[in-house]
Every structure is written in structure tokens, then in C-alpha cells.
Amino acid sequence: MAVLQVQLLLVPFLTSTLGAAQYLVQDAALMNYMDRRFLSLEKRLEKCNQDILDYVDEFRGFSKMALSRLAGLNSYKAEVKSEVQNLLTRIERAQRDIDYFGSVTDSNPCIEVHEDLVKQQLLEEAEGKKKLKLMLNASCDHMLAGIKSLKIVKKTGDKHGSWMKDPGKKHTKIYLLNGSVNNVIFEFANIMTFMENNQALSARRVTLPFPWEGTGHVIYRGFLFYHRYGSLNEIIKFNMQSRKVTDQMLLPGAGRIPAYQLSPHTKIDLAIDEQGLWAIHAEPETGGNIVITKINHITLAVEHTWDTPCSSKDAEAAFMACNTLYVVYNSPSGGTSRIRCVYDVLDAVSTYEIPALHFPRRQGSHSTIHYNPKEKQLFAWGDGSQIIYKLRTQQKV
């Protein structure tokens, strides 16, 4: 009887114990299942994140490639446009040469040239010269007779560079453009401020959107004109006050060879004289001789081009003064600079040499020589020195 009572007591106990064990097994199975599900979700999220990163990298690579292709297309478009303009210029020059030779060569003695036709051609030539003189203001009648003296204002910056005033403005500001490739201009209130030792504190910095190439830039009537770095022959017009590019042009035929053999960093040398803006460069088709172009400083339109007999060989610089090109020569190792070729655009037959016109008391070379028509002086950069040359002029014959 006692055994029966013990068995009756053990039955509920065993039943409850087995039930609890069963619940524990079920909970463990549920936890295991949830753990596996979370692991699966984590792996999927990780894969999703990795896919997103891969897509982002792929898109960035595609964007870079697309931008590179677009930049290449823009560059190619500019080059093609430049080549087309250059070809048109060559065709026009060839046509002029053909017309000239056709007019002076008597290829068929049986054909008589009518006197009235000859007179008409002479009248047209005279009219053309008259228009050219009016455009260039023939009142400019002085020429360079000598270089009186030099003044080394300061020695600062690299071996190559340029410095200048704006001859088209009344202010006395000095502009320093250091190096043959750069995009920062230093502007000083006057020449005394420029001569101070700590010029970094006294100068106003003007940063260009595109760097320049060479040292042939000029500032005229509040605008900087310069050859854009990386382009064949693009000239930029930059407003110094608003600090914005206002215009640009491609100079036909320029940029393929240096303007001067001894200054290979400069392909296009811009110049200012009493008549405004000029461009000086050399071309392979002229045998390396210098070509000068009159440019309208407002519209950047080419007004006229002259092929000169002045060679770029052993030339280091040149400048325009009163419609006349003066080419400065030197030795490759550096020596006494001298003006050896002069070309007056209004009287091309008067191209001549001045063997005795030397630059005074200085041995070395120049990377820039620019004429200031307001002060009748030359602003030069020689071996890192900023120099002013005073000139002696005389009446044109």
C-alpha cells in the first residue's frame, strides 16, 4: 500500500519534470533557429553593402572616364579649330603671293597689260597703305636711337618671369608674374612698395583660373592678356578688377615653335605700344622668322599680320614701339644683349640692322623685355632681376 502511494506521488513529479525538459529543448531549438536567421540576415546586409560600394566605385570610375573623354573632346575641338584657322590663313597668304607673282611676272609676252589696270592696282595699294596708317595712327613718328641707362630695381623670383605697369591706366601699380608657368599675380600699390623686403605682406594676390605659359603676358587698360598653359595658341583676356575671364581667342599659326630660340619657354609674346596690343611669334613656314600680329584689345579680333625678315635664331626677346618691332639677340651662354633687327610695319622696305645698339653694362640674358609707351621705358626681367632701361629716341626719317 505504501509503495502504491509512493508511485502515485512520483507520477505528477515525473510528469512535470519531463514537461519542463521538453520546453527547454523547444526553447533551445527556437534560439538556434533565430540565431541562424540573424546570421543569414547579417550576411545578406554585408553583401548588400559590398555591392553598393562596388557600384559606387564603378560609377566613380565611369565618371572619371567620361570627364576625361569630354576634356579630350574639348581639347581636340580647340586644336581642330586652330588648325582650320591656320589653314585658312595659309590659304589667304598663298593667294596673296599668287596674286602678287601673277601681277609682276610676264608669263605671256603676247598679253598687254592695260595702263588703266596698272593705275587701278597702284591706287588700290596706296589706298590699302593709307587705311593701314590710319588704323595705326601715323602720328607715331619716333624711333629708338639708343639705350641710355639701366636700373636694377630688385632681384626676386625665378630666373624667368615678367613685371610691368599698366600703360593704359593712371595708377602706379606694379604687377609681378613669377615663373614661366604659374597662376598667381602679385599686385603692388607702387614701385616703392614693390621694393620693400617683405613683399608677401604688401602685395595683393590675384589667382587666375588658368595658368599662363611663358613670360609674354601684358596688362593693358585693366585686363591681363596671356597665353594659356597647355594650349597651342589660346590667348586669355582676364579682368583684373572682377577677376573673371572676359574673352579668349586662338592666334592662327602660333604656338608650334618658340618665339625666340634663346627663350624656348615663350611661344607667344604679347606686346603693348602706342597703338595697343600686338602678338609676336615664329612659324616654321617662314623659316623660323618672326611674325607680328596686330590685335584689337577690345574684341580680340586680328587686324593685320606681317611676316618679318627678322630671324628667331639667337633671339632672346623683342618688343614693339611706335609700330616698329625691335628684336634683341644674345649668345646661347649669355652675354651682351643687342638689338640687331628692326622692322617698321608702315614701311617694310625700311627693315634694317643696328649693329651698335647694345644694352649697357650688363652681362647675362633676358627672359622678358616689354616697352611701356606711357613712360617710354623698357621693363625687363634678367636672370631673376627686375630692370628698367631708359631709352633715347629720334624722329623717323
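Along the chain as shown, residues are numbered 1 onward.
Note that Cβ sites are derived from N, Cα and C of the backbone, with glycine treated the same way.
Predicted, not measured: the structure shown is a model, and the values here were computed from it.
TrEMBL lists Cys140-Cys322 with the feature disulfide bond. Annotation comment: TrEMBL describes 139-395 as domain 'Olfactomedin-like'. Positions annotated as signal peptide by TrEMBL: 1-21.
Averaged over the domain 'Olfactomedin-like' (139-395), the predicted model reaches a pLDDT of 92. Packing around Cys322 (disulfide bond) is summarised by its Cβ count: 22 other Cβ atoms lie within 10 angstroms of its Cβ, all protein chains included.
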